[in-house]
Structure formats: C-alpha cells, structure tokens
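Can you keep this structure in mind? I'll have questions shortly.
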Amino acid sequence: MERSGPSEVTGSDASGPDPQLAVTMGFTGFGKKARTFDLEAMFEQTRRTAVERSRKTLEAREKEEEMNREKELRRQNEDIEPTSSRSNVVRDCSKSSSRDTSSSESEQSSDSSDDELIGPPLPPKMVGKPVNFMEEDILGPLPPPLNEEEEEAEEEEEEEEEEENPVHKIPDSHEITLKHGTKTVSALGLDPSGARLVTGGYDYDVKFWDFAGMDASFKAFRSLQPCECHQIKSLQYSNTGDMILVVSGSSQAKVIDRDGFEVMECIKGDQYIVDMANTKGHTAMLHTGSWHPKIKGEFMTCSNDATVRTWEVENPKKQKSVFKPRTMQGKKVIPTTCTYSRDGNLIAAACQNGSIQIWDRNLTVHPKFHYKQAHDSGTDTSCVTFSYDGNVLASRGGDDSLKLWDIRQFNKPLFSASGLPTMFPMTDCCFSPDDKLIVTGTSIQRGCGSGKLVFFERRTFQRVYEIDITDASVVRCLWHPKLNQIMVGTGNGLAKVYYDPNKSQRGAKLCVVKTQRKAKQAETLTQDYIITPHALPMFREPRQRSTRKQLEKDRLDPLKSHKPEPPVAGPGRGGRVGTHGGTLSSYIVKNIALDKTDDSNPREAILRHAKAAEDSPYWVSPAYSKTQPKTMFAQVESDDEEAKNEPEWKKRKI
C-alpha cells in the first residue's frame, strides 16, 4: 500500500488557492496547507506490522525450544557414550556456541519485538512459561497443569480417606503423667465439661486435678480419704458435674461434691434378713456404681449381696428399687459390674456365673434380656458399657476376652477378641466419641513387658492400633468426647493423659503451656555485726549465743539460778556436818539392821519372883485349894495301849 505524502490533496484543493480571493483580501497566499490521512490504510499497515512481529516472536520461541531439546538429547548421549571423540565435542561446542549466539540475538529481537508488540495481549492460559528441561531430568512430555477445581477435588478425597480411617483420629501424639501414688489407680472420673479429673486407688486416696489451675508440675490440688481404710473401686461424676459417686470396698456408697465434701452416705442393710429386697441397703462389699444419664440425683450400685440397687440423693435412708440377678435355676448370683444405657431406660449387669442380664428400669422382677454364657463361669466380668447410639453393648470379661453385643439380637455376640489378659476386677473398656473404635487395656506380670491400650474397629473388630503405656498393667481407660483426650490409670500409681494439639480441646493443653512455679524461699533479717579482730577487748561486742546454751550457762551459776544447797553426802565439808542416815541405806542400817540379841538368863529372871509367889500365892495355888487340895497328875500311858484301843480302820498297815 502506498502512503500518501504531505503534498497530496483531493477534490477542489488540487488547483491550489484562489488568486482572486487573495488579491481581494490583501495578502499573497493562504500559507501552509492542512494534511489529510487515510485511516483505513493506516489500520491495514498496523495490522500487517503486528502480524509480522508476532510471527517473529513465535519463530524465536520455537527455535529456543528446539535448542533446549537438542541440549537434552546431547546430554543423554554423553551419559550413554562417555568416550566420544574430541572432534565431535568441539564440533558440538562450536554448533552450540553459534546456536547460543543466534539464540541470544533471537532473544534480544524477541524482547524488542515484545516491547514493540501492538494489540491486546494473549490470555494467560495460552501464554505459558517455557519448560526448562535443564532443571529437571524428565523424559517425555509433561502432564498438563491441574485446574483449581481438580486440586480441590483431590484435597477433598484425601480428607475423606483420612476420615474413613479411624486410626487417624486417635489423639496420642503427646502425653502427660499425673503421679497419684505408688499403688494401683483403680478409679478414674472426668466431669462433663472436662475441667477436673478425679483419681482413686488402692491406697484409699482420692485426688482432684484441675487442668485450668494446674501448671507443668502436675500436682493435685486436693487429696482425701472419703472411705477411710477401704479401697476405691469406682469414681464417676454426675451428668451435671456437681457431684461425685464414690464406690469403695465397704457396703455403703458415698456422694461428695466437687470440692470433696460429703453430700450423702447410703444406709447399711440388716445382715440377718434373708430376703435382700426387705433390707434398706446393701449388706456386703460393693463392686461398682453408675449415675443415671438423664435423671439428676439418681444412681445405681451393685454388691456382693447379689443385688443391684438404685438410690436417690435426697433419700439416703432407703434404696429406690432392688434388682436381684438369678441363674437359670433361680439361685442367687453376684453381679460384678452394672451400667445404664445411654437413654437410661435399661440397666445391664454382668454376673460371676458369666451371664449378662438387662432389665427395664421400671420392671424389677424379670430381666428383659438374659444371656447365660456370655463369659466363662467363675470369672469376674469387669466392665459393660453401651455405645453412643445405644444399640451395641461391649463387655470386658475376666476370661481375657472382649465381646460386642447387639441388644436387638441378644442371642449371640457380634464379635469376640481374645488374648487380652486382665488381672484386675475393674479393667475398663469404652467407645470412641464417633462410635467407630473400642478401647481396652491389658494386664501384665511385673517385669514381663509393658501394659498396652488396644484399639479395635467396631465394624470389623480388627485390632487396628496399640499404645505402649508403661511397664505395668493398664486398669482404667476413659475417652472424653468433648476434650478428645484419653485418660489411663495404671497399676504402678500413674494416671496418664494422651492428647493431640490439633485434634484435642482444652484439658491437658491448658496446663502444659504453664511453667512450673518456683518455690519461695523464706528470708530472715538478722542483726549485722562488724567483726574487727584487732580491736581492744574492752570494746569488743560479745557475739550472740543461742538461747539453749545461755540457759545452760545460767543454770551452772548458783546465784542466777537460785539453786538450794544440796545435802552433804559422806563426811562433812565446808563447815557443814554430814548427816548420818541421810540416805535410804544408811537409815536401814541405823534402824533395822541393828543387833538386838538379849544376853539375860530367863531362869534367873523367873526365880527372881519365886519367893514372892510362895509368900502370897494368888494365881495358881488358891484356885485349886478348895476344888482339888491334893495335887493329881495324869498317868503316863504307853504307845502300845493306845495302838490297841484304836479302831481297825485307823491302824497302820505294814
């Protein structure tokens, strides 16, 4: 296309200015002439220029990609054939250098062309960064980039896989250890809000732990013995969290408040009444207890007197109702554990004959469900618990087994797991908050390994996870639904709390971040003394002595102590005469141990009065002068005559 010059005009302007008009106006000409432009021609020229520059840019990019491919192939060939000739290498280097120069020129031209590019830019999806094969040793074409929607879909799939795997929900990344004592922690209780933990053990102590008020020292803020010298078997907070049910080895359960003060104590029944329904309370040792999940102030206990009794806090003088477990023959059987269902309408108890019996709460006569061989007879079933949906019951038997039951078909267990040793009559089992896992602990002999916390999947009942707790038995376990933390009581006096900072809420996370408080040292102010060893004695100030030493010194001074003079022992001294008989021994010698022998002749003493008796007889002679004036004496008899006169039965037998 030809461009019109500045001198080109169209129409009537080709003939130039009118000379007649110029003469009339009085000037020689009209000056410079205005330029005219062809817009269509200019637009066409611009379009062609843009197309040419875009073509050059695309050619430069294609050349650059081709060079990169050749470099990659050459690198692969060098790796395969390292012993290539030097001439080929030089040739390749020369070619590469020439290509590099050409590529640099093309890059410069492309940069300049990009700067001079006219028209709207290409969309970002069509303009991609050149692939750098030098950075990554990738063979073949690269996969296409993912869209944002595809990435979000993949992330959602990964999250769903994690949610489907219940093991990922176990909070066991961190743990803290609470030192209860040296004996077995046989009871654990956590309030519904998860603020306070209470532990009880074989050492009769009940300790309170406050997560919000506790620091990194992990010390209990209160310790007490509510049942004196009875082992604590069960501790449980009420559904409102204001009361704690304490079940010990005695026959009377207690209810205490959050601070440990007694609220009520159940009455003890009459031991001499045969029918246990007629007694007002338990008459034998308790095993466990449980609060009603819906009704405030109602709880349940089971005992060795073969009864399960329900109580009300407002009426401690008599139980509310009595359930009496029986065998198939109608005989008494001792319940070892009991619990309420989640809605509170059912009461389940496991007995020593291996049976599990479930009653309707309002019907105390006959059980609604009865399975007589749930566990081995003669073993103590330590725990029965309902799932959160209320359809499944888990039982932890003394026969080293864990079984799962469906109460809608209570004729056989759904699943059973064996090889779980237990040596304590209160070994726990519980459900996870999402009802997908079942947890229980195992017992061991001392020095024979470590106690474990075992996790089973509810759907398949496979052992999916284990946690090594400590070198002692695992007795109690508790999985709090709000905190998502696991509490464990062990046989060596420890209570452990397992949590995950990302999955758990509050609880142990509150006290871990607090530093341990430093112990305050008592400071005393004493009088300051300036000691100058070279000062004169008269100006020296005597040092302060202890009170005890000063009293001893004053005691030795008779003037200060006003000590009376002691008696003189032995010979006199200091102007004082020793007293004779001052001691007990000298007094005895003086008064008792004297020689009082009489050397006088008794005959002479009597004959001294003989003449006076003859002259004036009064005592003997006048008495017989009238009655017997002549003196008569008894005749002497021989022993033989006396022997003859004796009776036969008195005679001596020779």
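Every residue, even glycine, has its Cβ placed from backbone N, Cα and C.
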Pick from Lys254, Lys518, Lys596: which one does Swiss-Prot list as SUMO2 cross-link?
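My reading of Swiss-Prot gives Lys596.
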Among Ser234, Ser416, Ser638, which is the one flagged in Swiss-Prot as phosphoserine?
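Record lookup in Swiss-Prot returns phosphoserine for Ser638.
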Among Lys452, Lys509, Lys514, Lys611, which is annotated N6-acetyllysine in Swiss-Prot?
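Swiss-Prot annotates N6-acetyllysine at Lys452; the rest carry no such entry.
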According to Swiss-Prot, which residue out of Lys296, Lys436, Lys496 bears the annotation SUMO2 cross-link?
Lys296
Same chain, outside the repeat 'WD 4' (330-369) by at least 6, Cβ under 8 Å from its Cβ: which residues?
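Hits for the repeat 'WD 4' (330-369): 287-295, 300-304, 306-308, 310, 321-324, 375-390, 393, 395, 397, 399, 405, 407, 410, 425.
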State the non-local partners of the repeat 'WD 1' (180-219) in its own chain: residues 6+ outside its ends, Cβ under 8 Å from one of its Cβ atoms.
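Contacts with the repeat 'WD 1' (180-219): 225-237, 239-241, 244, 246-247, 258-260, 424, 426, 428, 473, 475-478, 480, 482-483, 485, 487, 489-495, 497, 505-508, 510-512, 514-517.
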As a quick check of your reading of DSSP, tell me how many residues in the compositional bias 'Basic and acidic residues' (165-175) are helical, how many are strand and how many are coil.
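Taking each residue of the compositional bias 'Basic and acidic residues' (165-175) in turn, the totals are 4 helix, 2 strand, 5 coil.
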Against which stretches of its own chain does the repeat 'WD 7' (469-508) lie, if we need a Cβ under 8 Å and a gap of at least six residues from its ends?
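Contacts of the repeat 'WD 7' (469-508) (Cβ under 8 Å, skipping residues fewer than 6 from its ends): 169-190, 192-195, 197, 199, 201, 203, 209, 211, 388, 423-424, 426-433, 439-444, 446-447, 449-453.
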Looking at the repeat 'WD 4' (330-369) alone, can you tell me the average pLDDT?
92
